[in-house]
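Here is the structure we will look at.
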Amino acid sequence: MFAINYILYFQAGLGVLANMFLLFFYTFIILVHRSKPMDLISCQLTFVHIVLVLTGGDIWLTDVFESLNIENDFKCKATFYMNRVMRGLSICITCILSVFQAVTISPSTSLLAKFKYKLKQYIIYAFLFLWFFNLSFSSNGIFYVGAFTNVSETNQMKVTKYCSLFPMNYIIRVLILTATTSRDVFLVGVMLTSSAYMVIILFRHQRQCKYLHSLSHLKASPEKKATVTILLLVVVFVVMYWVDFIISSTAVLLWMYHPVILTVQKFVMNAYPTITPLVQISSDNRIINMLTNLWSKRYRSY
């Protein structure tokens, strides 16, 4: 069990460091250079993922609360609520990222082309709405989570070292699960639809480039590289999301959490926030060029 905990800590540490690097990079680009709307979306996503990893289970933030002598009940409600909000924002912003890229690469003759400039204008309003929506949507969890007690007759379901879910009416449990599932299924459906559209666009573009004998241009296209990156992120998200969904929904309906299953779920929950920044760093030419220049300057100084 200790080995598994070390793996979780390593995964969380890697995820936080990679996301913090990206957050500083995108903040610098937005404040100093001429940024793209995609940079603003990615900046939001990295911030959300930092908080998501820090509030995921018994990692770091709970230790900070413990060192401050904050009572367990408040600690549980705060971390659980923040984690639920960030989880919802993660799926929403990933959906926006996918839709925005689909609109960006759409041909000028398509119906989506007229939304290219409108999306840039309303992106801030979209973020404000998403934050308000998820802060409100996840507020019900505050009433059903709290500090774990040893009183057996309360039929609590322990979900972290200090926290547990309190018993709730089965109908309420099903309603909450149905509302969450409906939101997530809709957003995943939008992601998959926009991803399928991007695949079709890339396939048509590749076929046209073959006719024009300029396949090398396609390989060097920044739009194609960004699209492939987002498609990869969507695939990773959908796979990890459904694994997490199956585990969590089964546990809530059966009101039973095995420690091993809980550990696997923590690993799955942190997989997407950890993989995302690594994929973005390796695919963004600006970051690669910056790191290459820094390395070459350091090498010359020696």
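Just so you know, glycine gets a Cβ as well, placed from its N, Cα and C.
Under the heading transmembrane segment, TrEMBL lists 6-32, 85-103, 123-147, 159-179, 185-205, 226-257. Residues or ranges marked as domain 'G-protein coupled receptors family 1 profile' by TrEMBL: 18-280.
Across all of the domain 'G-protein coupled receptors family 1 profile' (18-280), the predicted model scores a mean pLDDT of 79.
For the transmembrane segment (185-205), same-chain residues at least 6 beyond its ends with a Cβ under 8 Å from one of its own Cβ atoms are 91-92, 94-95, 98-99, 101-102, 105-107, 218, 224, 227-228, 230-231, 234-235, 237-238, 241.
Here the transmembrane segment (85-103) does not lie next to the transmembrane segment (159-179) in space: the count of CB pairs under 8 Å, restricted to residues six or more apart, is fewer than 3.
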